[in-house]
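Among the features that TrEMBL reports, domain 'Casparian strip membrane protein' is placed at 24-169. TrEMBL lists 31-50, 70-96, 108-135, 162-185 with the feature transmembrane segment.
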Amino acid sequence: MKAEAVESGEASTIIATPKRGLNRGISIADLILRGFAAIGTFGSAMTMGTTNETLAIFTQPLIRARYNDLPSLTFFVIANSIVCGYLVLSIPLSIFHFIRSEAKITRIILLIFDTAMVELLTAAASAATVVVYLAHKGNASANWLAICQQFDNFCERISGSLLGSFASITMMTLIIFASAVALSWN
């Protein structure tokens, strides 16, 4: 009885198949998470950017609350818009990773930019969170009054905008972890 020799090409495809399937699954998850994160950042930027409430009080004419009255909220809108644009532009590269799951260089570049965008989005959401907290609670020692009792709609919208941004941060963090796993499997 003669032992059958296995061709080298056959053995490598048998071993590489589970890695390829895992990388394709990660690429699909990456694409879906990018889409949802783009929707979240777009929604957050639009909600915050269109927030405007006006009150008429007897003693004073009109009092307005707008997002662009506070630089932190303006930074929030700009950062969410930048991250949304980046996510939309990175979707074709994510589709490329689904087709060619063994591509390493582009995945590394995407991982670096994803990390930078998470940092930008986290900084913007953190700055806006401070303003939203002060709007809800105020600060007696700094003599800042809570404005959310008068501007209900304004406070609800900026709080909801923060939720969308923090959800996008979570999704982008998952994208980074998935990319790191895919790189370690290649």
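Just so you know, glycine gets a Cβ as well, placed from its N, Cα and C.
Please treat TrEMBL annotations as automatic predictions, because they have not gone through curation.
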> What residues in the same chain, six or more past the boundaries of the transmembrane segment (70-96), come closer than 8 Å to it by Cβ-Cβ distance?
Replying inline: 27, 30-31, 34-35, 37-38, 41-42, 44-45, 48-49, 103, 106, 110, 113-114, 117, 120-121, 123-125, 127-128, 130-131, 158, 161, 165, 168, 172
>> Could you give me three numbers for the domain 'Casparian strip membrane protein' (24-169), the DSSP helix, strand and coil residue counts?
In response: 109 helix, 12 strand, 25 coil
